[in-house]
Amino acid sequence: MSLQPLTAVNCGSLVQPGFSLLDLEGDVYLFGQKGWPKRSCPTGIFGVRIKKGELKLRAISFSNNSSYLPPLRCPAIAHFEAQDGKPECYLIHGGRTPNNELSSSLYMLSVDSRGCNRKVTLRCEEKELVGDVPSARYGHTLSVINSRGKTACVLFGGRSYMPPTERTTQNWNSVGDCPPQVYLIDLEFGCCTAHTLPELTDGQSFHVALARQDCVYFLGGHILSSDCRPSRLIRLHVELLLGSPVLTCTILHEGLTITSAIASPIGYHEYIIFGGYQSETQKRMECTYVGLDDVGVHMESREPPQWTSEISHSRTWFGGSLGKGTALVAIPSEGNPTPPEAYHFYQVSFQKEQDGEATAQGCSQESTDFEDSAPLEDSEELYFGREPHELEYSSDVEGDTYNEEDEEDESQTGYWIKCCLSCQVDPNIWEPYYSTELTRPAMIFCSRGEGGHWVHAQCMELPESLLLQLSQDNSKYFCLDHGGLPKQEMTPPKQMLPVKRVPMKMTHRKAPVSLKMTPAKKTFLRRLFD
């Protein structure tokens with residue numbers, strides 16, 4: 001085992017606890033970014049690239065017929081292998097949005113197309129569920145099982161908000177364990193059935209679920225009602241019979257006391273379990289090998305990598321599996337002054353390094369690294385023994401890598417800034433305060449200072465009526481740090497210069513005809529018409 005520090009290249013602000021890593025068709029994608037997606041990556045999904053000790057993210061696009069997928073923290077993730085003409089995909093259920101709303105939708109994420117110019121397009125499909133639909137939750141697990149030629153999903157555990165009838169202003173954000181029911185989801189028709197087993201008496205969350213054929217094993221977990229982490233192992237056997245499924249549950253007591261752990265696959269139904277917590281204030285620093293076969297579960301302790309002092313002394317850590325026996329671990333940055341990067345990243349490897357990297361193309365007199373070669377035009381690009389999609393990350397192009405410096409500067413007009421020393425707006429736990437707010441907090445402009453600055457109306461303790469009044473008239477506002485007077489000066493009205501109206505001249509207008517007549521003719525004509 002080895003531990004390698006990584007340097008996040010202009011992407012550290014996107015990572016947050018509760019994110020997910022998806023190993024799809026040989027590529028790894030990051031899902032569940034911090035905050036709502038921005039213009040540079042509206043999908044909120046990034047391709048993960050680790051090379052030469054650097055962590056880079058690349059924005060991924062969706063196909064035109066894709067459904068909207070919000071960024072979700074702590075969802076249930078399941079990998080669906082390609083079978084019966086169906087492509088390889090990931091199933092995503094539940095999770096928390098940046099507004100702390102819980103999702104009850106089921107999404108299917110797959111690769112739609114690959115281009116020769118290193119571009120991957122994903123397709124997201126929202127699956128409609130009917131029957132006993134699982135409620136919105138987070139911290140649960142989703143597993144794919146195969147029994148008697150059929151495929152289904154097993155959903156178990158999680159936390160959710162209190163029922164609407166019991167939810168008040170005081171306990172609005174209070175959560176509890178979901179009922180200990182097991183849900184079976186038919187992926188073809190979206191039918192859901194709930195099953196209550198006598199062996200499962202308490203709900204749990206943040207456990208590890210490992211599936212093999214028609215069995216699912218639940219390791220660890222946290223029971224919120226009793227605030228305990230039982231060291232038990234739950235074996236769930238599912239038979240998808242023609243009439244109704246049969247579920248058999250067995251409770252074993254040789255499990256692990258662990259929550260929020262990372263399961264990194266190292267072989268066929270072989271995993272390394274590490275990370276997470278064994279108590280409220282203690283991380284679990286050990287590594288455990290878990291193997292699944294026809295007999296059952298085999299667990300062995302493995303020597304962990306040599307953790308750094310930053311990891312050992314950090315109170316929290318999180319991460320995800322990169323596939324192929326590797327994982328990504330992040331810890332919060334600590335120090336005085338505060339480091340510019342919010343997190344430190346490490347790559348953990350559980351497999352022995354090979355003597356040399358196998359390359360599909362190379363020459364003894366030339367470099368085998370594709371980054372050392374000048375990029376070819378599309379018309380002259382040649383592939384020797386390689387598929388076009390295998391060159392997906394063969395080179396790093398400046399324009400293809402996500403750079404948070406390319407985003408709009410939100411230091412002055414951003415919604416999630418720290419507007420004052422007592423700022424109450426946290427993008428992770430923010431909820432609408434005013435009736436006019438939907439996805440962003442209401443802000444008001446303070447006219448004091450060099451160029452003025454924006455502050456949150458909630459932090460300034462502005463009543464909603466006064467906020468609406470200030471937004472409708474032309475009054476200046478000064479924040480609490482600059483006097484705290486809602487109305488002190490009136491913005492002078494804009495002086496409008498009078499418009500000078502110049503009469504228009506007609507270009508083709510003719511002067512009236514003047515007749516020269518003698519007085520005798522005038523007298524004759526006057527008598528004639530009289």
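Note that Cβ sites are derived from N, Cα and C of the backbone, with glycine treated the same way.
Here is what Swiss-Prot says about this protein:
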BINDING   CYS419, CYS423, HIS456, CYS459  Zn(2+) 1 binding site
BINDING   CYS446, HIS453, CYS479, HIS482  Zn(2+) 2 binding site
ZN_FING   416-485  zinc finger
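On the structure: features taken from Swiss-Prot.
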{"residue": "CYS419", "record": "Zn(2+) 1 binding site", "DSSP class": "coil"}
{"residue": "CYS446", "record": "Zn(2+) 2 binding site", "DSSP class": "strand"}
{"residue": "HIS453", "record": "Zn(2+) 2 binding site", "DSSP class": "strand"}
{"residue": "CYS459", "record": "Zn(2+) 1 binding site", "DSSP class": "coil"}
{"residue": "CYS479", "record": "Zn(2+) 2 binding site", "DSSP class": "coil"}
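Put simply, of the binding-site residues HIS453, CYS479, HIS482, the one whose Cα is nearest the Cα of CYS459 (Zn(2+) 1 binding site) is CYS479. CYS419 (Zn(2+) 1 binding site) and HIS482 (Zn(2+) 2 binding site) have their C-alpha atoms 13 Å apart, to the nearest angstrom. The Cβ neighbour count for HIS456 (Zn(2+) 1 binding site), using a 10 Å radius over every protein chain in view, is 23. Per-residue pLDDT, averaged along the zinc finger (416-485), amounts to 78 for this model. Apart from the site residues CYS419, CYS423, HIS456, CYS459, the chain places the Cβ of ILE417, LYS418, CYS420, SER422, GLN424, VAL425, PRO441, VAL455, GLN458, MET460 no farther than 8 Å from the centroid of the site's Cβ atoms, the recorded Zn(2+) 1 location.
Here the binding-site residues are CYS419, CYS423, CYS446, CYS459, CYS479, and the one whose Cβ sees the fewest other Cβ atoms within 10 Å is CYS423.
Taking the binding-site residues HIS453, HIS482 in turn and counting surrounding C-beta atoms within 10 angstroms, the largest count is reached at HIS453. CYS479 (Zn(2+) 2 binding site) sits 12 Å from CYS423 (Zn(2+) 1 binding site), counting Cα to Cα.
HIS456 (Zn(2+) 1 binding site) sits 10 Å from CYS446 (Zn(2+) 2 binding site), taking the C-alpha atoms as the reference points. Cα of HIS453 (Zn(2+) 2 binding site) to Cα of CYS423 (Zn(2+) 1 binding site): a span of 14 Å.
If you measure from the Cα atom of HIS482 (Zn(2+) 2 binding site) to that of CYS423 (Zn(2+) 1 binding site), you get 15 Å. When the Cα atoms are compared, CYS446 (Zn(2+) 2 binding site) and CYS423 (Zn(2+) 1 binding site) turn out to be 15 Å apart.
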